[in-house]
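The next block holds one structure in the form of structure tokens; read it before the comments.
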Amino acid sequence: MINSLLTRVFGSRNERQLRQLNRLVTQINALEPTIEKLSDAELQAKTPEFKQRLAAGESLDKILPEAFAVCREASRRVLGMRHYDVQLIGGMVLHLGKIAEMRTGEGKTLVATLPVYLNALQGEGVHVVTVNDYLARRDAAQMGKLYNWLGLSVGVVYPGMPHSDKREAYGADITYGTNNEFGFDYLRDNMALSRADRYQRNLHYAIVDEVDSILIDEARTPLIISGPADESPELYIRVNRIVPQLTRQESEEGEGDFWIDEKGKQVHLSEAGMGHAEELLLQAGILENAEDGLYAAQNLSVVHHLNAALRAHAIYQRDVDYIVRDGEVVIVDEFTGRTLSGRRWSDGLHQAVEAKEGVPVQRENQTLASITFQNLFRMYKKLSGMTGTADTEAYEFQSIYGLEVVVIPTNRPTVRKDHPDQVFLNRKGKFNAVLADIEDCAKRGQPVLVGTTSIETSEMLSEHLRKAGVKHEVLNAKQHEREATIVANAGQPGAVTIATNMAGRGTDIVLGGSLESEYHALGEDATEDARFKIKTDWQRRHDAVKAAGGLHIIGTERHESRRIDNQLRGRAGRQGDPGSSRFYLSLEDNLMRIFASDWVQKAMRMMGMKEDDVIEDRLVSRQIEKAQRKVEAHNFDIRKNLLDFDDVNNDQRKVIYAQRDELLDAESVKDNVDGIRGDVIYDLVARFVPPNSVDEQWDLKGLEATLESELGMSLSLTDMVRAQEEIDAEQIAAKVQTAVDAHFAEKEAAIGADTMRALEKHVMLTVLDQGWKEHLAKMDYLRQGIYLRGYAQKQPKQEYKKEAFELFSEMLENVKREVINLLARVRIRSEEEVAELEEQERLQAQARLMASQFQHQDVGGYGADEEVEQMQGGNAPVPVSQVTRDEPKVGRNDPCPCGSGKKYKHCHGQLS
């Protein structure tokens, strides 16, 4: 009550911030008459002047009013667009490192030019992050004219571009690209073997377009660079033949072999199902021994494959979750409706879906490097974002990214009519009403955009409209190439456009059709008469559509997030245009079926509702919103859980990447090697001759053998001890250290100091990378099963932190030991041979990187759903998948493949 009283007196925090920023708008507007009088050359000279002022110690905030006024005037001259006052406010919010919520059609792309220009003056690089390559290239081309005119360089990064071009793009003052490309380039940079192979500078300032899509929707899944593992995909194909013979039960207590947890997207075998599955697997020869049982340790791999196959058949649907194109399974993004080419689900799910669809099954992958979007974007010194829908997720932006959401008022009042939801008993009644609404709009000449949640639904609606003779366009992942054309015409009188969520971002739907597209089709040589005729025809269509009520939005289903629903509604009513929206729902929709209260369905059936009966009731609408809040909270828990786990990885990642940077930058790593050598030799001697011990406890023969096998040194310690009457453990350690130092000095004298320095650097980088790769595999394995500790009354996150630290410490010790072992056993080569080998290794590393897979991994691989489920009382563990190897399997007691002569378990097997 007190809060509401204070808000009425002083205004909300959002209103207070807008009032403060309006004072700066007044200053900018006061400068406009002076700036307008400047010639082009004088206006362009402002950029070097600002740079000089910044170099002299002035702050960005001090020059902001004048810089914004210059950018506004330059935009008017170059682009023919002048920033509105509300756009100036949006630009200030972005400069302050906050999120600007701006409605569709308010010109977010133009708003970004203000803070981009201001912050690019520092010369440290500005990254403008978009959701797809098309928007990155489009915005770089359009806004690049303005930046170039003002004397700033612009680059755009995209997959597959030449190395030199990408380095140049990152060296520009302003760089456009997608969130995925910026993330993968960061990981690639931290796999490079020389500074010349790196792309990015320091992460200085980023503006994220459609910030909710990137930092929330896509934050559930990490970016991963992976290489193929050696395990054959044959088992996926064999298990796939068995799954159709298992029967689904309606609930956990029903009859059948398995039941589905739709909230967690998991499949669980019943007790009877386990027996039936064992029987089928034995018949197929996949299980070898009936007495061991399905969950015996040696059969965990089979359980992993069976679980993946069950999920592929029971949960993941073709033309909903994925499409099959050119013999490949391509994921469809559940939030945007776009295809995610090149991305693969983890935990064997993608292979299981490939087996289900009868396309070639690709091998599973081993992680080489990974990072989440949360930790990637939190590394920028300053981060900001813009979107049409952020306020519903303001708490998450603040708690995870430290970003405040500021709602920017529209330039003109919004007049869109949002009609109440209509709820039907079943899907048939709902779609009958949708079709009737579409036909009514088409007859009246009102354009209509129909939003669907899947490709399957969009094609079903399309078929019904085709039979009814209603002309329409379909925009989904299968027709993504025609997206720009379809969206450009979606505002034509009577146009009917059926679209998945992909139509929601990036391009405005203009009433009467896109005038710019028509001008572009005319060509640059078109006469003024031709352009006038085009403009006249467009104005007539524009007025006709406004008279018919503007763009009408039809939602065929509520999304899991209210924000996605608001995005769809926001397609209508841009810049004060008329428009309307309505959602049609049924009790059979996924959201209602899975998350809404049972009493809603029972009450409607008790009231005797029939197929075509409709309910418009606030109570039902509140229940729907309550269901959406449940899903949003569940998804937030998953993202927060993922971040908690990745924060552990991130601390380790920072240490490793900082060490790599130090190695790459160093002219010489001799001091590092000398320090490591001292530690390694001390630990080695202490294993056989413990400090402060007596000679009866010493194992001199073992120490001699280890020095011979690991360091290639022949040292007779037994004879040395016999020759001295008084000698202790510390003296032995000192003598071994002296001998090893002399051994290294001999190597250096033989091959030359410069060659030795280059070799030390190369070995340290290579061993560190190999150790980190193997450590990531262990961390994956640990993470996938850690939530099971909850059943032993232990806190999974604390257990994960503790064991991750132990693994990391072990990895660092192994890296130290391996560096010294390799350098001690180095063969003497000429400088020319060493240079040639280094170049070969660099080229091989680049080739491996080119062959790597770049994934935006499914969240299942992080155990997030499982732990959230476990914390909420779930009790069905998901089998842990096995870590795959890059090399053929070596037995613990076999000779180590490195050629040391030791058993594998005493040599490189310590890392496995």
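Placed from the backbone N, Cα and C atoms, the Cβ positions cover glycine too.
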Task: Swiss-Prot ATP site partner of G105, E106, G107, K108, T109, D508, selected from Q52, Q87, Q539 - done: Q87
Task: For the binding-site residues Q87, T109, the one whose C-beta sees the most other C-beta atoms within 10 angstroms - done: Q87
Open item on the list: Let me check the 10 A CB neighbour count of G105 (ATP binding site). How many other CB atoms are there?
Closed with: 22
Open item on the list: Can you check which residue among the binding-site residues E106, D508 has the largest number of Cβ atoms within 10 Å of its own?
Closed with: E106
TODO: List nothing but the one residue from G107, K108 whose Cβ has the fewest other Cβ atoms within 10 Å; the candidates are the binding-site residues.
DONE: G107
Open item on the list: Among residues Q87, G105, E106, G107, K108, T109, D508 annotated as binding ATP, what is the maximum Cα-Cα distance? Answer in Å.
Closed with: 17
